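Feature annotations, courtesy of TrEMBL:
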SIGNAL    1-29  signal peptide
ACT_SITE  T220  active site, nucleophile
BINDING   R248, V249, G250, D251, T271, G272, D273, G274  substrate binding site
Amino acid sequence: MSMKKHLQVPHLLLFTIIFSTALVNEVWGSLQYPIVVSTWPFLEAVRTAWEAVDSGFSAVDAVVEGCSACEKLRCDGTVGPGGSPDENGETTIDAMVMDGVTMEVGAVAAMRYVPEGIKVAKLVLEYTKHTMLVGDQASAFAISMGLPGPTNLSSNESIEKWTKWKENYCQPNFRKNVIPRDDCGPYHPNGPSIRRCMMDNEPRPNEFGSVNVGLHSHDTISMAVIDQVGRIAVGTSTNGATFKIPGRVGDGPIAGSSAYADAEVGACGATGDGDIMMRFLPCYQAVENMRLGMEPKLAAKDAISRIARKYPDFIGALFAVNKSGIHAGACHGWTFQYSVRNHGMNDVEVFTVHPQ
């Protein structure tokens, strides 16, 4: 009896080894990471992040490298210093880093005088128990931690843009229900503000659309990286909406809005009218959709559709990538492009997504 059992064990072990090997090969054959995904054709930023992750950097560090490259290049004039002046002609920075393994977030908002937003966000993540620092206090923290500053974040281009805007009576702007409507202020409420309930079938005001948002006036780099061992991170950096009201914080530094990551599921990055999109946390929604079993394409489309049902004239887009590296995008109000690099590509590839 014992001899019979002894003879059966090797066959059982052999079957287990063969089955396990086949299963591992099947799983690894479907994986497409390491991978870098970014909003827009920010090719050099994606290349920089890819070089980092391909050489063994963690997902968090690769995201920081990629977004930092975009800040230095001043991508589209809407990332890093030197772009998107506010109503006072000043450029300020919003940025965020999220570790999808620990779910830690580091962010800065309305930061003045320090150009390297993504690096400050990482410092917040690594050296504080907070999630976000804002304004001059964020700047002071960055400088105290060794980053260069204070420095003027404006440029000749941003000042020229601001000067022309002032000459055009500060139009367009992000004010509403104020007087004067066609001058540069000071602004005052145009009578008492009365808000009432609207019926579901009652028309909404036209101002609910993204009237001041365009490809080169309101943009963000939002990047996701899955590293060689499957860790996932996201990062964002932006100098916000052109001619924003001073003190405005958009969706860039808000986890779940501009980006979100969970290493058990995947990641998302978004861009567009942050003032509308941040009300819906579209990237959190996209990741949760994937958690429920949706493929990235459907997860992204559903997250955008939830906003479009309430704000049919808004402009925005996002990409979703699952933990295996499968990616897709969705957009509303404009044609969206996002960039990808993985081992199956010789260089960065740009994917075009048309409005749904």
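Positions of Cβ are set from backbone N, Cα and C atoms, glycine also.
Features as recorded by TrEMBL, highlighted on the structure.
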residue	record	Cβ neighbours (10 Å)
T220	active site, nucleophile	32
R248	substrate binding site	17
V249	substrate binding site	21
G250	substrate binding site	24
D251	substrate binding site	32
T271	substrate binding site	31
G272	substrate binding site	29
D273	substrate binding site	24
G274	substrate binding site	29
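Distance from the CA of D273 (substrate binding site) to the CA of T220 (active site, nucleophile) is 10 Å. Of all Cα pairs drawn from R248, V249, G250, D251, T271, G272, D273, G274, which the record names as binding substrate, the longest spans 16 Å.
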